[in-house]
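Here is the structure we will look at.
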Amino acid sequence: MTEVSAAPIAPPWALLAELTHGCPLHCGYCSNPLELVRRSAELRTDEWADVMRQAGELGVVHTHLSGGEPLLRRDLPEIVEAADRAGIYTQLVTSGVGLTRERLTGLTDRGLRSVQLSVQHAESAASDRIAGTRSFAAKRKAAALVREAGLPLGVNVVLHRDNLDAIGALLDLALDWGAERIELANTQFYGWALVNRDRLLPGREQIDRARAVVEARREQLAGRLDVVWVVPDYIDGIAKPCMGGWGAVSLTVAPDGTVLPCPAAATLPGLGAPNVKDRSLEWSWRHSPAFHRYRGTDWMAEPCRSCPEREADLGGCRCQAYALTGDASRTDPVCRLSPDHGLVRTLVDAPVSRAALPTVPRSHPPRGAPQGPRRV
Ligand code: SF4
Ligand code: FES
């Protein structure tokens, strides 16, 4: 692996620590890769503790302890403690399944600062159906435990055609459960979500209805509930600065120690992503070819290269460009100016009866799922 020398690079603000790909849920919108890391290949406790030490030295201020379901790691308190010792703010990103008062106390005693809880739908039966397992009751209980412990609670909802019409009820649920923040994240089509894209993709009218509800209620909820709407880039035709830019704000460590600019980057061929077992986090961030590959704007081709938006959206998402065209260096096809935008328009405008399509549940190992990039 060759090294890239470069001008000084600002430290990462956040570390997404994917502690495991194991998960009790089977959501079809999951952005985890199809080739999930086996439990036996996960980093050990001492290796994660060292990742946290290095992250603190590198300047990381916030870590999302995620997965899969991070509560499956029995050593989660030790990992939280290592992050806290490194001066990093810790947030648990969880389905809530497996969270007990005892476990939460063990985590808060070691320095856990906040919890983000995933919710699939505001109605119990629909939520369980989307999650592929009974989990709604455990989520409600987990929310109560988090509030009882005095920790800030955020609710995260991945939006798609099966829950977009429940957006008002989801806002009510977040208030009722004592959340301070709700993130309404329109599905990003990577990993399992890409396999299920035809089933999950909403129509424009459904998005417009949901957006109108969010806009109408956001002001009314100001000061009580922070409402974040992650744009549906397929529908809007506007590229997003994915992850705040490649190698700009955040880095991901996968369960087996692979260091990535974003969780989906594992799918990009020839990336040569480093691993914490071989290289320091500092080297990976500052010098690895993988992190330099799409950093900044020098790598861009037209139309991005001469576009006035290039510093703002950084040409969109590299993983999406790869998923749709097989070439990660092309302009993100969601952008109206992309020569490949027709691929997205065809999907969004297709008169498909999606409700009849089956969902491929996220599973370990994957069942019946195609591998590699999908041309549309
Ligand atoms: Fe952004 Fe590139 Fe589209 Fe311009 S052409 S808006 S830089 S994605
Ligand atoms: Fe990888 Fe957008 S998900 S760059």
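Glycine is treated like the rest: Cβ placed from N, Cα and C.
Remember, TrEMBL labels are computer predictions, not curated facts.
Marked as [4Fe-4S] cluster binding site by TrEMBL: Cys23, Cys27, Cys30. Of all Cβ atoms in the protein chains displayed, 25 besides its own lie within 10 Å of the Cβ of Cys30 ([4Fe-4S] cluster binding site).
The domain 'Radical SAM core' feature in TrEMBL is assigned to 9-224.
According to TrEMBL, the region 'Disordered' annotation covers 355-376.
For Cys23 ([4Fe-4S] cluster binding site), the number of other Cβ atoms no farther than 10 Å from its own Cβ, over all displayed protein chains, is 23. Within 10 Å of the Cβ of Cys27 ([4Fe-4S] cluster binding site) there are 24 other Cβ atoms, across all protein chains.
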